[in-house]
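The structure appears right after this line, and notes come after that.
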Amino acid sequence: MFSLMASCCGWFKRWREPVRKVTLLMVGLDNAGKTATAKGIQGEYPEDVAPTVGFSKINLRQGKFEVTIFDLGGGIRIRGIWKNYYAESYGVIFVVDSSDEERMEETKEAMSEMLRHPRISGKPILVLANKQDKEGALGEADVIECLSLEKLVNEHKCLCQIEPCSAISGYGKKIDKSIKKGLYWLLHVIARDFDALNERIQKETTEQRALEEQEKQERAERVRKLREERKQNEQEQAELDGTSGLAELDPEPTNPFQPIASVIIENEGKLEREKKNQKMEKDSDGCHLKHKMEHEQIETQGQVNHNGQKNNEFGLVENYKEALTQQLKNEDETDRPSLESANGKKKTKKLRMKRNHRVEPLNIDDCAPESPTPPPPPPPVGWGTPKVTRLPKLEPLGETHHNDFYRKPLPPLAVPQRPNSDAHDVIS
């Protein structure tokens with residue numbers, strides 16, 4: 001009677017216990033079978049599972065526990081995120097591929113690094129030696145020896161349980177009994193020291209959040225300093241270039257909801273600045289065009305002066321030539337009557353002194369080199385109409401045998417009778 005009452009009191013006490021929320025981590029190398037194990041525990045079919053990128057989360061109910069399992073990716077590049085989940089975990093499920101003996105050393109290094117972390121040391125560890133259905137899979141003792149598991153858990157004071165299993169052998173209620181047994185053991189250890197673990201996890205979670213907030217502030221401060229340095233460099237560059245392109249390239253974010261009057265004033269100011277810039281550009285273009293026209297005018301005037309000077313020199317030469325020609329004509333006219341009178345009177349010839357001051361007129365046409373006459377154009381080359389030529393009369397190569405060959409009329413043309421014609425018809 002007393003034993004029945006004691007058992008009823010124990011059952012009533014357990015029934016009055018509140019539901020406890022527990023967070024577990026499922027880690028291991030890639031392709032170890034973590035996601036298949038988690039799906040089997042949840043009651044889903046564990047085959048055709050894709051590799052986990054990042055993490056996946058499953059929720060399930062086990063007795064008085066609401067269990068949340070974080071399935072973390074096991075790739076070498078993603079193992080660095082494991083430490084971000086250590087603070088809030090009550091225990092760890094480490095899945096090992098017992099059929100891959102070549103990666104046992106890598107598995108040992110990953111497990112050792114995890115157990116050395118201060119936020120994991122002292123928490124219970126469940127090791128699942130998965131893929132026992134494959135040929136050549138290591139047994140429980142071999143896995144313990146390859147991983148030096150006994151040494152690791154004693155060094156870091158972690159309660160440990162190893163279970164050989166196969167995640168794809170069943171799911172839901174038909175899940176592998178070793179997986180179910182190991183999960184019950186892990187929850188039992190957590191329930192036994194739940195208060196101490198809960199206090200430790202609350203403390204470590206607070207520290208983790210404070211550390212994350214501090215890192216976030218440090219990142220924001222680094223970003224702010226980088227932006228300030230970039231802004232300062234842009235200002236210095238704008239001052240060197242003589243332009244203030246900072247406001248245009250990286251404008252400060254403004255409130256989109258502004259009074260319409262301020263928006264209108266701002267737009268009018270922008271339009272005035274644009275008009276002013278356009279006017280300055282036009283003025284600069286006009287000054288440049290004016291300088292160019294003045295330069296061209298000066299060059300044209302200099303060319304005209306040069307041509308005028310040449311024309312003046314040529315005019316002086318022409319005037320001098322005309323004066324010399326007129327003087328020679330006058331002298332010839334004065335000399336002609338004297339010669340006629342001398343011939344008429346038949347006087348003795350007078351000796352005339354040779355005048356040295358006479359100047360021959362300058363004949364520009366004689367001085368200019370005669371332009372050579374261009375050679376006649378070559379006969380056109382190409383197709384053309386041939387000239388009409390009369391060919392000689394053809395003669396026979398030898399004497400004919402008949403003397404009366406030439407001019408003899410041809411005999412009449414004999415037309416043979418055709419059948420069925422009028423001439424061929426004969427009436428008897």
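Placement of Cβ uses the backbone N, Cα and C atoms for every residue, glycine included.
Some features that Swiss-Prot has for this protein:
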LIPID     Cys8  S-palmitoyl cysteine
LIPID     Cys9  S-palmitoyl cysteine
BINDING   28-35, 71-75, 130-133  GTP binding site
COMPBIAS  207-234  compositional bias 'Basic and acidic residues'
REGION    207-287  region 'Disordered'
COMPBIAS  267-287  compositional bias 'Basic and acidic residues'
REGION    318-428  region 'Disordered'
COMPBIAS  329-338  compositional bias 'Basic and acidic residues'
COMPBIAS  344-357  compositional bias 'Basic residues'
COMPBIAS  371-381  compositional bias 'Pro residues'
COMPBIAS  392-407  compositional bias 'Basic and acidic residues'
**Message:** For the compositional bias 'Basic and acidic residues' (267-287), how many residues does DSSP put in helix, in strand and in coil?
**Reply:** 21 helix, 0 strand, 0 coil
**Prompt:** What are the DSSP helix/strand/coil residue counts across the compositional bias 'Basic and acidic residues' (207-234)?
**Reply:** 28 helix, 0 strand, 0 coil
**Fill in**
Checking the binding-site residues Gly28, Gly75 for other Cβ atoms within 10 Å of each Cβ, the smallest tally belongs to Gly75
**Lys34 (GTP binding site) in three-state DSSP notation** = helix
**Message:** Under a three-state reading of DSSP, tell me whether Leu72 (GTP binding site) is helix, strand or coil.
**Reply:** strand
**Fill in**
Counting Cβ atoms within 10 Å of each Cβ, the densest environment among the binding-site residues Asn31, Gln132 belongs to Gln132
**Asked** CB neighbours of Leu72 (GTP binding site) within 10 A?
**Response** 21
**Request:** Measuring CB to CB from Lys34 (GTP binding site), give everything in the same chain under 8 Å that is also at least six residues away in sequence.
**Result:** Met26, Val27, Gly28, Thr52, Asp71, Leu72, Gly74, Val95
